[in-house]
Amino acid sequence: MVIAIDGPAASGKGTLAKRLAAHYGLPHLDTGLLYRAVALTLLDAGFPLDDERAAARAAEALIADRLADPRLRERAMGEAASRISAVPAVRAALLAWQQRFAGNAVGAVLDGRDIGTVVCPDARVKLFITAAPEERARRRHRELADRGETATFDVILADIKARDARDASRATAPLKAAADAVVLDTTELDADEAFEAARAVVERAILH
Ligand code: CDP
């Protein structure tokens, strides 16, 4: 069974994907990490983020070991990932990677921006997780503070709004809900309530 989870920055899709994967015994891929790793590889090698050829080469050469680097979770890397993720050659290289992951015998849970629309259009379950920008900024603020990063709420909110706009307006695989996705607004839900709502969607799909 493949479960595709998409949604904007800090919508809670990662937490939810992890919990669903554990519950159903499926491997989980946070696809945002792939884009963050490409951005980090590029920056570490001294290339600017707008060098599209170098970004494409970094995506083609991406190896799984890079996904464990704690720097990938930094705020600046989310921003950098959003910039290189608009490059079609980067997306093409990472598409194969993600489809290999999803194509294993048991299935998988993948979370990102274009899983239900492009990476796994035939996924058994598609969820689109969203929440009000202010609530997402509060969650991201807490998460970054727990890791010792200091950024003000206003800066994070501006970041999130800019990233939503860039991700939704790019020409290749923009952020949008698949026509057959179930949209779950988690503004008023805590992590347990979001998990229960998502689990109900999966159970319905299994019986269908
Ligand atoms: O955790 P957060 O939502 O802040 O970010 P992320 O999921 O790690 O994604 C970082 C950036 O990578 C996003 O802003 C997208 O531009 C890009 N991305 C994408 O284009 N396609 C995906 N499947 C996943 C991430």
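From the backbone N, Cα and C atoms, a Cβ is placed for every residue, glycine too.
The domain 'Cytidylate kinase' feature in TrEMBL is assigned to 3-198. Feature annotation from TrEMBL assigns ATP binding site to Gly7, Pro8, Ala9, Ala10, Ser11, Gly12, Lys13, Gly14, Thr15.
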Problem - ATP site, defined by Gly7, Pro8, Ala9, Ala10, Ser11, Gly12, Lys13, Gly14, Thr15: further same-chain residues with Cβ within 8 Å of the Cβ centre - result: Leu16, Asp111, Ile129, Ala131, Arg136
Handout entry: Spatial neighbours, same chain, of Ser11 (ATP binding site) - Cβ under 8 Å, 6+ residues apart
Key = Ile129, Thr130, Ala131, Arg136, Thr186
Exercise for the section: Ten-angstrom check, please: count other Cβ atoms within 10 Å of the Cβ of Gly7 (ATP binding site), all chains counted. Expected result: 28
Problem - Neighbourhood of ligand 1 - binding-site residues from Gly7, Ser11, Lys13, Thr15 with Cβ under 6 Å - result: none
Handout entry: Spatial neighbours, same chain, of Ala9 (ATP binding site) - Cβ under 8 Å, 6+ residues apart
Key = Gly78, Arg136, Arg140, Asp159, Ile160, Arg163, Asp164, Asp167
Handout entry: Sparsest-packed of the listed binding-site residues (Lys13, Thr15) - C-beta count within 10 angstroms
Key = Thr15
